[in-house]
Amino acid sequence: MASEDKFESVLSTRYCKNSPLVSILSETNKATLWRQLWIWLAEAEKELGLKQVTQDAIDEMKSNRDVFDWPFIRSEERKLKHDVMAHNHAFGKLCPTAAGIIHLGATSCFVQDNADLIAYRDSIDHILKRFATVIDRLAAFSLKNKEVVTVGRTHYQTASLVTVGKRGVLWAQELLMAFQSLSEFRDKMRFRGIKGATGTQDSFLTLFAGDESKVEALDELVTKKANFSNRFLITGQTYSRQQDSQLVFSLSLLGAAAKKVCTDIRVLQAFGELLEPFEKDQIGSSAMPYKKNPMKSERCCALSRKLINAPQEALTILADQGLERTLDDSAGRRMLIPDVLLTAEALLTTLQNIFEGLSVQTDNVKKIVEDEIAFLGLEKAMMMLTEEGVDRQQAHAVIRKTALEAKQLQATQKVDIRQTMADPFFDSVRDRVVGLVNNPINFTGRCVSQTESFIAKELKPTIDKYLDKSAGNVQLDV
């Protein structure tokens with residue numbers, strides 16, 4: 001059956017079809033990891049002295065690790081209703097010498113949980129590299145526009161001047177904090193290890209004739225072979241699903257940060273100040289050919305919503321895990337965590353494309369500043385007046401009255417700074433303020449130095465470990 005004739009997740013077929021995550025999270029990779037875990041377990045058991053595990057058996061497992069008889073596996077699972085045992089039988093069929101020691105001492109969660117954790121770790125490593133590139137692209141945009149003066153907005157209303165670059169590093173800070181959360185999770189992530197059917201390690205204690213030190217060594221050795229630095233010291237049958245919730249929450253922070261950034265871009269595109277990349281043959285509307293819609297930012301907001309809402313499901317999976325283990329978690333985890341990882345990848349890929357082509361509509365930005373500078377210069381006037389001993393509250397009251405009257409005039413005519421400062425109250429500072437208005441950068445405070453400092457002192461050092469400096473630009477298929 002052709003792929004177009006059956007339903008497939010849009011994450012893997014539309015938004016992430018060229019991503020390595022599609023392979024990392026695939027059934028084949030999962031099954032390969034299960035077999036690799038069986039190999040590591042056998043190697044470690046042999047190294048610690050189990051006579052029934054032979055080198056011939058291990059070599060046979062290694063040589064057949066990547067050979068899959070999928071029709072047989074599906075047939076076995078249909079009959080047994082147990083995926084791990086179906087794969088166990090299939091691997092044993094390929095490896096008759098090893099069949100008797102495959103899965104020795106283990107429970108299903110040895111392969112299921114540990115393989116999931118390896119796949120999650122590898123996915124996170126890729127996502128962190130992508131994330132670092134996204135933040136780096138936004139930093140470049142911010143530095144490029146660090147001196148481009150624009151109207152600040154609080155409550156979506158005109159506020160004191162900022163620069164486009166300073167606004168860019170505010171966005172970068174939100175993304176960087178989410179990046180740090182995910183990076184910290186990655187560094188602390190724990191492997192399940194070998195714990196047995198209910199977490200007591202009794203089966204392994206039996207195999208090693210009651211020698212607890214060898215059971216501890218086996219747990220450490222398998223963890224090391226899987227290239228994890230940390231492991232759970234205690235588990236039930238499964239590792240704590242709180243770790244899954246922490247992963248999902250870290251990615252939900254990415255979703256929230258990205259939605260804030262992309263909502264801002266959409267608003268600023270509506271104001272005519274920014275324009276997300278619009279490709280040569282791109283069509284904005286089937287009915288209105290003149291439109292340039294911020295569809296990439298809109299897509300990011302939609303993907304972000306999925307990440308923002310995901311922790312609720314992860315928390316219920318954690319809460320419903322009964323005693324040493326129930327299957328309340330199984331179906332949910334199979335769907336939730338791969339979807340969250342792929343959604344994060346789709347979001348970051350689209351964000352990277354936006355930041356690589358985001359442009360400032362400088363003429364319109366300049367016009368908006370010129371229209372508002374007559375009002376925005378009054379804050380500077382208030383500070384100057386207080387320097388001369390004027391009561392700050394008195395200055396505020398006079399400026400408020402003057403500005404509101406001028407705002408009414410602005411509806412029908414252009415207002416300049418001399419009109420808003422016509423009151424004799426401003427005589428001592430008027431010329432100084434008017435002189436500054438000719439160069440609006442004078443009203444942006446430390447925007448330029450803040451932008452440079454944040455990128456140099458915080459942003460760059462944080463992402464450097466994961467940043468691929470040779471990464472090319474992203475081209476979106478849709």
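Backbone N, Cα and C atoms are what each Cβ position is placed from, and that goes for glycine too.
Swiss-Prot names ARG14, TYR15, LYS81, HIS82, ASP83, THR107, SER108, ARG299, ARG325, SER330, ARG334 as substrate ligands; from the candidate set GLN173, GLN237, GLN394, the record adds GLN237 to that same site. For the substrate site listed in the record, the two most distant Cα atoms among ARG14, TYR15, LYS81, HIS82, ASP83, THR107, SER108, GLN237, ARG299, ARG325, SER330, ARG334 lie 42 Å apart. Sequence-distant contacts of ASP83 (substrate binding site), defined by Cβ-Cβ distance under 8 angstroms and a gap of at least six in the same chain, are GLU77. Following the DSSP three-state reduction, the secondary structure of SER330 (substrate binding site) is helix. Cα of HIS155 (active site, proton donor/acceptor) to Cα of ARG299 (substrate binding site): a span of 24 Å.
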